[in-house]
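Note sheet for the following structure.
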Amino acid sequence: MFKELALIGTTASGKSDLAFELAKEFEGVILSLDSLALYKEIDIASAKPKSWQLEAVRHFGVDEIYPDEEFSVGAFFEIYKNAKEIARLRGCPLIITGGSGFYLKAMLSGLAPDVPKCELNLSNEEIYELALQNDPEFAGKFSQNDSYRLEKWYQIYKFSGQIPSIWLRENTKPSVIKELAIFEILWDKDELRARIAKRTKNMLDEGLIDEAKFLFEKYKSEPKPLKSIGLKECKQFLEGEISKNELETLIATHTAQLAKRQRTFNRSQFEKKFVGDLAQTRSEILKFLKG
């Protein structure tokens with residue numbers, strides 16, 4: 001039976017392994033939300049599913065493009081539609097999983113068009129006052145300490161010459177998912193740090209440095225994916241800036257910082273969801289799929 005669900009969690013939370021296990025059990029399809037697994041040749045740094053896993057379960061959102069090719073959220077929408085069509089035809093679950101909550105949020109809420117950045121010649125307080133006068137709908141939702149949203153508001157205001165709240169409603173691409181069961185794996189902070197440290201060591205043992213060396217030699221322009229955690233630190237190591245021990249420590253530290261940002265994003269953006277440890281989350285998903 002076709003059902004779709006999202007399995008989210010921070011990096012190193014075990015969501016990919018659980019998604020694979022469930023997809024095997026229910027003959028399902030997986031859509032990866034991982035913004036790095038999209039790229040061919042970035043295998044270890046992205047903690048991409050192994051080749052035998054990709055053969056055993058149909059994956060979408062993995063090995064879609066090369067690191068120097070352009071990609072957009074709109075393109076991801078199309079990948080989602082293809083994955084959903086295959087799952088519907090097979091009459092099986094579609095399991096959406098990965099660390100890029102931004103993609104999931106866009107699919108649920110719609111996609112605002114890109115707006116060129118402009119020079120910010122006002123303080124947060126001044127932008128907020130401007131929003132309060134011209135766009136109280138927006139100002140009522142955010143504080144004057146929310147730099148990111150205030151800057152986005154000001155960019156739209158300058159670019160469109162219209163009230164941003166109205167402009168966004170008129171120009172946002174509609175959502176592609178109306179309702180979705182969302183399950184989040186949550187770990188104790190210390191346990192997650194230990195998992196991150198272990199995964200970092202495993203990635204280095206599997207050949208992360210060699211992968212990075214290959215990528216930096218092939219892509220001299222250093223496209224954005226090569227600036228990701230794991231690869232940027234390897235570049236420092238390859239250039240003699242840090243030692244092997246410092247490399248492992250830096251990757252683990254930066255990954256833990258990423259996990260904190262992911263947790264904050266998931267908490268603030270996805271209110272209606274089940275949250276539990278790995279075993280609890282697995283149990284709840286099984287109930288959902290069998291129900």
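Sequential numbering from 1, following the chain as shown.
Just so it is clear, glycine is given a Cβ too, placed from its N, Cα and C backbone atoms.
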Practice task
Would you please say which range out of 34-37, 82-85, 142-145 has the annotation region 'Interaction with substrate tRNA' in Swiss-Prot?
Solution key: 34-37
Exercise for the section: May I ask for the distance between Lys15 (ATP binding site) and Ser100 (site 'Interaction with substrate tRNA'), taken between their Cα atoms and rounded to an integer number of Å? Expected result: 12
Fill in the blank from the handout: Listed in sequence order, the residues of the same chain lying six or more positions from Ser13 (ATP binding site) whose CB sits under 8 Å from its CB are Ile185, Leu186, Trp187, Leu192, Arg195, Ala259, Leu278
Problem - Densest Cβ neighbourhood among Thr10, Thr11, Ser16, Ser100 (recorded positions), 10 Å radius - result: Thr10
